[in-house]
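These come from Swiss-Prot:
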ACT_SITE  His121  active site
ACT_SITE  Cys163  active site
LIPID     Cys264  S-palmitoyl cysteine
LIPID     Cys277  S-palmitoyl cysteine
MOD_RES   Ser79  phosphoserine
MOD_RES   Ser257  phosphoserine
REGION    1-20  region 'Disordered'
REGION    125-142  region '130's region'
Amino acid sequence: MSSEPPPRRARGPGEEQNMTEIDAFPRREIFDPTEKYKMDHKRRGIALIFNHERFFWHLTLPNRPGTSADRDNLRRRFSDLGFEVKCFDDLRAEELLLKIHEASTASHVDADCFLCVFLSHGEGNHIYAYDAKIEIQTLTGLFKGDKCQSLVGKPKIFIIQACRGSQHDVPVIPLDVVDHRTDTPDANLTQVDAASVYTLPAGADFLMCYSVAEGYYSHRETVNGSWYIQDLCEMLGKFGSSLEFTELLTLVNRKVSQRRVDFCRDPNAIGKKQVPCFASMLTKKLHFSPKSK
């Protein structure tokens, strides 16, 4: 009996060849699950922090006391990791877009990555500048490969601490401190904000970090800053140069989710919790190893 395989049947009219699209691309010989992003360029990269505490009156958005603590905390932590940190306060939408455009058209050839933080109110797929809202995808889109060639294949990290300023902005007075006084200007009040910023995909090598997942609440203390940024900065201080970054973000999720409002004068705020989230389009492991001097 012949061992030869039977001849292939000729395709009839209208029949298409069964071929996967990936066959058109060269295959990698070795797939390394431990592969890391190259983080030994001349410089770490730029970290932009857009901080918004006050807003144009016509937007009817409340101020965000405590956000300057977030800004300063982030500036210290990212500087420690080797970033060139640039902070901007209460920019108008046109000014903010100009700064983003300048960053996207700058050369990042000798940089490891790019990082951008927004501290503001948010709604849907927008965040608020001083005088208008801006679509998040408008901002991230400027850093995609066709717009920003020098960041192709490099991590692009966006951190969004955005909470909705509406009827859910309930001041919560912590009563678990013996000497707490609500009539002092420095009282550290907690504000409970409804989550309303959608998690949006951005593209390959993007990492989108959100202070709160949809359906939960975002908390910001008027003196110490937001829960999310407080815990993010604590984890960056402890593990920023040693732990893989998405693993660090998972620790942040855990720490924030363990917080709760236990004692307050508003009974509706008791038990409110917060769960951050991140959407990773990274293709390799991300480590902020110390830069050599």
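Yeah, the Cβs are placed from backbone N, Cα and C, and that goes for glycine too.
The region '130's region' (125-142): residue composition by secondary structure is 6 helix, 6 strand, 6 coil, according to DSSP. Under 8 Å from some Cβ of the region '130's region' (125-142) lie the Cβ atoms of residues 50, 52, 54-56, 58-59, 61, 90-93, 95-97, 100-101, 104, 116, 118, 148, 156, 158, 160, 162, 197-198, 200, 202-203, 206, 208, all in the same chain and six or more residues away from its ends.
If you measure from the Cα atom of His121 (active site) to that of Ser79 (phosphoserine), you get 25 Å. According to DSSP, Ser257 (phosphoserine) is assigned to a helical segment. Of all the modified residues given, namely Ser79, Ser257, the one with the smallest number of surrounding CB atoms inside 10 A is Ser79.
In the predicted structure, the region '130's region' (125-142) carries a mean pLDDT of 94.
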